[in-house]
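Asks: Checked Swiss-Prot, it gives:
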ACT_SITE  264  active site
ACT_SITE  455  active site
ACT_SITE  517  active site
DISULFID  177-416  disulfide bond
DISULFID  311-325  disulfide bond
DISULFID  335-358  disulfide bond
DISULFID  342-351  disulfide bond
DISULFID  380-386  disulfide bond
CARBOHYD  208  N-linked glycosylation site
CARBOHYD  485  N-linked glycosylation site
CARBOHYD  491  N-linked glycosylation site
CARBOHYD  506  N-linked glycosylation site
SIGNAL    1-17  signal peptide
């Protein structure tokens, strides 16, 4: 199992694509709520084909079921009294607001089941942390009181024109990794150096947008719960509630355009979260677009591109030898067959074996080389996450003055929670076809898929492939569209070629040169360039 552990943390990691259908209603796999012993009993009682898959899995990876737990242990925490916070927004109060419709009939001001949610808000004093002095900041928790879930967020106003600039929600992936990683390691207003000093980031995405960094799902980062979330659809309900209550507290931001951006496993999150928002007719969330960077969205189409990327066909020298490349080729047909079965059933009993087999067969050979799965140009620096700098962030966030300034309620901060990662994996969420939600988004708003071209785990070859095979009304035109040079247009680097872009209607794909899994880390100037231009509406129908 250790052959693919790292890939399941920060990242995620041309097939014939069957006719795409909307993502099915969540499958009820009740056995997953049982103790592990009962789960094994359930496997024994399954049908022959499914049992064979699990038997083969157990034979190939004998420690798998013993090593993995299905639920995350609650994080130690102490909830602060309401008096600690500047504002507490009650979901029940928001749900109780009725307004007159255009037809003269009364309806709720905002839709959704909100009565069990609260939002706690406090102003963050930038002078105490040394981050973006003069920029208004808020932090706090979204509380799901019925299910004992508490999601932490940190909001930064735009450095430029917060009264008019758009608002962006940023999501890191994993699943199970804190979005504060994105804040301090990629696109936020500051980074942390080896001496735990705060370093200003001139290329922060809040240069021309206000940004919310959210630790989700629960038990990630500063978030905590007595329960657990183990699939993307369930997490989407929490995000809708957070945004609804946040914009109710701050109506000045609700007037601005709103966008959702993220990377890696956010390729699952964002189609589901955006679809959840759009499903509510009466809402105060002015969603205008979504951006997915180096995401895992359509595994069936993306997994065949691990071998080319590892074997020198993605624009960089080969990492693997010919023997390993042939081994991946040989394993691919079975991997694809298992993913196809997962797409058909969306059951954990089918999707979990597909995840474990394919990750070991298609990602494992690369990982065993010690090369960075997030950047084919480098070796892993430190531990499973490959970047020593992540340790500095964790150390800084675990300082008591920092936690006090933010109102954090957990005893300690971790950049990634492996239990959450395993929960999603062992509930079958990893391989599910969330790309089937994307056509519905394209009909209503612009969708950007961008990819740093040095990433292995969610590489640009696979992302380009799934965008070109996606079933939607403009598929043929998008697939045949030319990849054009993407150059910087409005600063001292004007004319610099930073990548390639193709677009048709509301759908756009970008390849960013020299970027790894985390494009803003490797190419900060280029990332801010395309981000600002995207928010400005340069690529849309």
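Placement of Cβ uses the backbone N, Cα and C atoms for every residue, glycine included.
These numbers come from a predicted model, not from an experiment.
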Asks: Say you check the Cα of residue 506 (N-linked glycosylation site) against those of the recorded positions 177, 264, 517; which is nearest?
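Replies: Closest by Cα distance to residue 506 (N-linked glycosylation site) among the recorded positions 177, 264, 517: 264.
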Asks: According to DSSP, does residue 416 (disulfide bond) fall in a helix, a strand, or coil?
Replies: strand
Asks: Starting from the Cβ of residue 325 (disulfide bond), draw a 10 Å sphere and report how many other Cβ atoms land inside it.
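Replies: The answer is 19 other Cβ atoms.
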Asks: Would you count the other CB atoms within 10 A of the CB of residue 358 (disulfide bond), including those on all shown protein chains?
Replies: 27
Asks: Could you round the CA separation between residue 491 (N-linked glycosylation site) and residue 517 (active site) to a whole angstrom and send it over?
Replies: 25
Asks: How would DSSP class residue 380 (disulfide bond) in three states?
Replies: coil
Asks: Just to verify a number: CA distance, residue 177 (disulfide bond) to residue 517 (active site), in angstrom, no decimals.
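Replies: Distance (Cα to Cα, whole Å): 14 Å.
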Asks: Under 8 Å between C-beta atoms and at least six apart in sequence, can you list the same-chain neighbours of residue 208 (N-linked glycosylation site), or say none if there are none?
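Replies: For residue 208 (N-linked glycosylation site), the qualifying residues are 158, 159, 160, 161, 165, 532, 535.
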Asks: For the recorded positions 264, 335, 380, 491, which one has the sparsest Cβ surroundings, going by other Cβ atoms within 10 Å?
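Replies: Counting other Cβ atoms within 10 Å of each of the recorded positions 264, 335, 380, 491, the minimum falls on 491.
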Asks: Once the chains shown are all counted, how many other Cβ atoms turn up within 10 Å of the Cβ of residue 177 (disulfide bond)?
Replies: 28
Asks: What whole-number Å value do you get for the CA-CA distance of residue 342 (disulfide bond) and residue 485 (N-linked glycosylation site)?
Replies: 37
Asks: What's the CA to CA span in angstrom from residue 358 (disulfide bond) over to residue 455 (active site)?
Replies: 18
Asks: Looking at the recorded positions 325, 351, 455, whose Cα is closest in space to that of residue 386 (disulfide bond)?
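Replies: Checking each of 325, 351, 455 against residue 386 (disulfide bond), the shortest Cα distance is to 455.
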Asks: From the Cα of residue 517 (active site) across to the Cα of residue 264 (active site), what is the distance in angstrom?
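Replies: About 8 Å separates the two Cα atoms.
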Asks: Determine the most Cβ-crowded residue among the glycosylation sites 485, 506, using a 10 Å radius around each Cβ and all protein chains in the structure.
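Replies: Of 485, 506, the one with the most crowded Cβ is 506.
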